[in-house]
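Written out below as structure tokens is the structure these notes cover.
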2 protein chains.
Amino acid sequence: MLTTTVSITLTSLILLAFVIIFNTVHDPLSASIGFSLLGCVITWRLVPELKENFIKINLSGKDLNKINKPVIPESMGIICATVYLICLFLFIPFPFMEWFTDKGKVITRREEFHSPTFPHHKLGEFLSAMLSLQSMVLLGFVDDLFDIRWRYKLLLPTIASIPLLMVYYVNFGETHIVLPIPLRFLFGGYIDLGYLYYLYMSLMAVFCTNSINILAGINGVEIGQSLIIAISIAINDLLFLNGSDPAVEAHLFSLYFIIPFIGVSLGLIMHNWYPSRVFVGDTYCYFAGMTFAVVGILAHFSKTMILFFLPQIFNFAYSVPQLFKLVECPRHRMPKFNPLTRKLEFSKVKLQKPLNLPTLLSLKLFSTFGLIKIMENNVNNIDKKKIIDDDKKDLDYIEVNNFTLLNLILLKFGPMNERTLTICVLIIQVLTSCLAFFIRYRLVHLFYEII
Amino acid sequence: MLTTTVSITLTSLILLAFVIIFNTVHDPLSASIGFSLLGCVITWRLVPELKENFIKINLSGKDLNKINKPVIPESMGIICATVYLICLFLFIPFPFMEWFTDKGKVITRREEFHSPTFPHHKLGEFLSAMLSLQSMVLLGFVDDLFDIRWRYKLLLPTIASIPLLMVYYVNFGETHIVLPIPLRFLFGGYIDLGYLYYLYMSLMAVFCTNSINILAGINGVEIGQSLIIAISIAINDLLFLNGSDPAVEAHLFSLYFIIPFIGVSLGLIMHNWYPSRVFVGDTYCYFAGMTFAVVGILAHFSKTMILFFLPQIFNFAYSVPQLFKLVECPRHRMPKFNPLTRKLEFSKVKLQKPLNLPTLLSLKLFSTFGLIKIMENNVNNIDKKKIIDDDKKDLDYIEVNNFTLLNLILLKFGPMNERTLTICVLIIQVLTSCLAFFIRYRLVHLFYEII
């Protein structure tokens, strides 16, 4: 009975999606919503169907934050990303439909084929964006399979962003940045960053992909944060649709990528929400990050985009001492599951004394801001007579929480259920998005003239 | 000592590649050769280094045609394809260098950015070709991992070719075909295929990718045949370079894709030649096939391309009865290894009597042309008294060789060593390439006017 209802609902949703797509030949935005719906339903349906295949080839992992530590499939982001890419492939002709129908004479008159009216540069933007995106999906999947080294994780997104930068160069080539008012007395109104601007954009790709990947590890948090960022981007785009022509085009472009992204992510989160039946893997994180980088770069709102990434930026900055080995970094920094209370607690790392200078400085800095908790190991409590000298040396250590946002939340608010922790992160993400909109649309006059 | 010599050679080759690339800012063809050399060396170096990682995640298979059936890594085509894609990413700016350097003022003068002089449509061709190619690499790798079903294997290349067809539509839109002279009395000189032409092109993508995939299974044969096709394409392209302008551009485009392909394939075949240390997987076959489809479509020589695929077309037509289940098709149709003689023999399939009509017709047709060998199972030789009726029924069968080119060669020339069989296939490929050139450049006046 239930399955019949489900299949009827599914079929009607798919039919609805097709009706939307076929009735919107001249309205790509609606077509995009149709594809988003289609992507959502297909992802939702495919994930449980293909689960077993992933487990069969050992693409699976233990969910350590559960009592019975169930083994569930990993890297299911590849399904969601593949559905997304297929949707976008099928969507490509829609924004160009007017050249195919109204101006349909191009089909029959040979000399008009190379007619300058067709916006080849727009098509180029689409293709380059998809190429960069697909490269990152491939890279993420390979990373899930082989655990590639950090240095490649930084190098490969840079290479993946080449088509994007190339198209940026030939379509816009704008490398001036408008300086905020408070800085103008120093450098003037504009600065031409030149090639540095391309470096900035490719670093953006590296940052977006990796920053989501390090704010991860509990059920639903990867997709949850990505969904909130995506929705914020969509709202921001919608705010521009009544504006001037070039801005409308850019933000439409952004919507064409973001709307289907929201669809497939919703399809996947239904299986990844607490308690997860599937993990999403690095594939999803890279896919999501690159989608944001692509629209941020090609729709020219990379500064606003950075505002939507505030929790990720904080988490990255907070992680720096461990990422760069100033403080010892264990293999996993995920919160620790306490089977007695069934709650998550912050995980700790042991630091052997004597501490070296970088460690001491990092600890000093972060404890000043109350961001870490240092626990001294009280050797005096232990019966000293039983300890021989070597052992005593081993016991001479301190403990500190791992430097991640998740552990910090647990440190400040105490142990909590995994779902609650995810919700906490998502609330923070929503609040910072509100802050981002406030900065972008209310505080902006302090820094820039409003045109 | 040996390793020192190898690393010195490697380093000098890489240096040479960089020297070529950096000294050819205005000659993309030479840069392409530099990237090809670089791709070759890197692929050759990476494959043995990453072998263990593939075996670790069970991407490995037994080489059944060897005495000790060693387990060797599978799907190493992904390394070769990734190196190829990275080379092409880095190569993208080269064909457009004149717009970046001589006409370098575009960097500083804002109004010239959208200048119509920049060949956005050419860049679009590049990007769409790479997008389609990369999609097939991703699909091939997923196929290697999950063994996806036949129907998807046919559907997905069609979707992967959408960007290609889209760019074809807006850049050329040509759907007329010139009819061969003997047919003109029926249909006239031209036929406009309209949308059928796009169907033809997407079928071309499906055919190229799958036809290489079914002429496979012995050491070195997948890369060997692809290399000969690629070299034939390159020779054909070079023949056009002194011609008229649009043809030169199209064939240069083809060379930019084919030259690095030859490089990375050479790097991989050194490990895949008999006795193989690695298998190449479906990934390589799809990657190779799509490269050919892409250049055939976008450089407008799909008819000539088909001529280079004669052995694959024959193998496909010959396989049709088994592929479409008219005749029973076992899981593997590879030749059989005889450990006593250490040679390969043709493999057989048992057909239970009574045979159904499609099977009978297929056997009749192929045996008329001497393409199969039917072996009657002589029940009379066996002591009939010992056989109860049921068993007798089981014994009532005939055997026939599996319908593949490899088995046909073994049927005609007798058992042979695996390496000899590969060389036989490659000789056939070379001979048909010669035939293809003969048809294209000597017999063509019987069918078309030479312009």
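Here the Cβ of each residue, glycine as well, is placed from N, Cα and C on the backbone.
Keep in mind that TrEMBL annotations are predicted by a computer and have not been checked by a curator.
Taken verbatim from TrEMBL:
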type     : residues  : note
TRANSMEM : B:7-25    : transmembrane segment
TRANSMEM : B:31-47   : transmembrane segment
TRANSMEM : B:76-96   : transmembrane segment
TRANSMEM : B:123-142 : transmembrane segment
TRANSMEM : B:154-171 : transmembrane segment
TRANSMEM : B:177-200 : transmembrane segment
TRANSMEM : B:212-235 : transmembrane segment
TRANSMEM : B:255-274 : transmembrane segment
TRANSMEM : B:286-310 : transmembrane segment
TRANSMEM : B:420-439 : transmembrane segment
Segment proximity, the transmembrane segment (B:7-25) to the transmembrane segment (B:255-274), 3 or more C-beta pairs under 8 Å: no
Stretch among B:31-47, B:123-142, B:286-310 sharing the most Cβ pairs under 8 Å with the transmembrane segment (B:76-96): B:31-47
Non-local residues, at least 6 beyond the ends, that sit with Cβ under 8 Å of the transmembrane segment (B:123-142): 75, 77-78, 81-82, 85, 88-89, 92, 95-96, 148, 156-157, 159-164, 166-167, 170-171, 205, 209, 253, 257, 281-287, 289-291, 293-295, 298
Beyond the flanks of the transmembrane segment (B:286-310) by 6 or more, those residues with Cβ under 8 Å of it: 77, 80-81, 84, 125, 128-129, 132-133, 136-137, 139-140, 143, 157, 160-161, 164-165, 167-168, 172, 200-201, 204-205, 207-213, 222-223, 226, 229-230, 232-233, 236-237, 250-251, 253-254, 257-258, 261, 265, 432-433, 435-436, 439-440
